[in-house]
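Annotated features, as they stand in TrEMBL:
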- A:9-177: domain 'FeoB-type G' (DOMAIN)
- A:238-259: transmembrane segment (TRANSMEM)
- A:294-318: transmembrane segment (TRANSMEM)
- A:338-360: transmembrane segment (TRANSMEM)
- A:372-398: transmembrane segment (TRANSMEM)
- A:410-433: transmembrane segment (TRANSMEM)
- A:471-490: transmembrane segment (TRANSMEM)
- A:525-552: transmembrane segment (TRANSMEM)
- A:564-584: transmembrane segment (TRANSMEM)
- A:604-626: transmembrane segment (TRANSMEM)
């Protein structure tokens, strides 16, 4: 270890089975002092946080993806293995491993502990969910377990921050010992000796665990009866599937219903700000940039924050309760019909919020063909960035007519149809892919169904906070910058003397739009849409902002008062609007999605294929929609 | 390795596998033998995964739930935890009636 390294804070890593409460413990240790290098939904990357120990030591904590073994099966488990073994080139292995074990399920959890102990690294075992174990009548002798394993054992209830203080004290003690050892021997940073265990080794670990359990667990307690009773309904072949579809329906319903009031608030605030700036500043380029460019553009994107948070709220809660694994179980056979793995459900569900975490969540699928098939269809799930486009066009063109006696409205039905179109085309694409390029048997399903648990509001809130931060950072950087560029392109050069058309017609954006128009005329797009589509590839929701800017700059006098939806309804034909909706079902995904696909597949080939196939589908769907709608209407 | 000796394998009286158990049936695992199971995994991998998920000689199992359609996959209790797997792969787990 170099002199430089010793100045770094000591690092501890949290390792354990999936669902053992690692992330809750991480939150209890670090609070809000954490940096998430990944997207919420499913833990697929390292999360790093820090805390100050009782002895005043600043300690860095890494939360690793859950695993049953260091024999990593999937890319996310490889992250865990490589961090624990110190295989990442730029960092040593952690100074201390905190193994988190679910006390209600010791047999499976101790197996990993036994494997980790073989590494010879300093270890502390956190026996998590002790309250639930005791409630079940499970009696674990922590002192005996500690003696038998030869590592400190601390009972914790991470979800209520129970046992955190004793754990911190243990960490301090272990750190002191580790740094003494490091002072004695410089080989602390040597890579761990580890080789993949054979099935014989695994059986030996199992025997060791049986021995530990016999010596340290006086009473194994009752199995989780409540979970079993609930599952009798929720995993029922008929009621279970019906419940799953009900949950999904409620989720999308809530995205609209719950988000409406906060969206109106944001809308009011944005227009208020715009009016205030317009009233305060003198007429000129600066005022136009602020009101038409930045406030109109960024405001039309920020307004969708409530919908995105509602969607993520559902995903985080379903994940925390343990229901997502059930959904994968229920859908495995049905999704197998198009060759997908049941586990693909989780990345695909995340993709409804955003394809980026969806593509990353596909890391939990081990088999490369299954994983690629999932990644390729993930962007067909209607992500929340497409919501602004859908919402705007529906508001402009679909009359609010109640159907079925007011039970559903026509706008809601159209929205549902758009989501359904995305899902059905995804299934069709998966079917084609699995029948051609990704032929072969599916990866086995071997998935733990965790006991049901009440989600901790604090952990959900932290997840939502993280999501809001990511979204607003994007609105404040990428989208902000794009808006300034678009305003500039749409404003310069100005209209010549005696011009009859709105100024934007003569601007650079106008020229780009007019240049692209012949290409897009067959699918009914106007030059304004052409202008909006270009930055829409960088970030889909920007298209709405650009349309906002274009129409704000095109209007004058009375028309300026009307909303963007009103302006569109007045200037587009219905077939054009339908064609644009069809385009956005397949819309060439944003740059962020393409770059995450590049990262996850290690090359440009798959993102290129994705872009090509989606733009082909989008053009084809728009062409058919426009032609059919023009003929019929 | 897949060649690990499992004396109770195969021809033991009432030799059944987990894949053919019905809902509600209980059994004891007598061996893990992946031969005859079609999988994408390299040799020996399915056996190791089964052991890692607790399906090892001596474990107690019970079929709790069956999905739709075709009563597949199944959810089983393995000692204290619950595991979902497909019947095709469950064939690798040899069982005897619970004592």
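Glycine residues also receive a Cβ, built from the backbone N, Cα and C atoms like all the rest.
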Among A:294-318, A:372-398, A:564-584, A:604-626, stretch most in contact with the transmembrane segment (A:238-259) (C-beta, under 8 angstroms): A:294-318
Paired segments the transmembrane segment (A:294-318) and the transmembrane segment (A:410-433) in contact, 3+ CB pairs under 8 A: no
Cβ-based contact of the transmembrane segment (A:410-433) with the transmembrane segment (A:471-490), 3 or more pairs under 8 Å: no
The transmembrane segment (A:564-584) versus listed stretches A:338-360, A:372-398, A:471-490, A:525-552: most Cβ pairs under 8 Å: A:372-398
Per-region confidence, the domain 'FeoB-type G' (A:9-177) (mean pLDDT, whole number): 85
Intrachain residues whose Cβ lies under 8 Å of the transmembrane segment (A:471-490), provided they are six or more past its termini: 288-289, 292-294, 297-298, 301-302, 305, 308, 504, 507-510, 512, 531, 535, 538-539, 541-542, 545-546, 549-550, 553
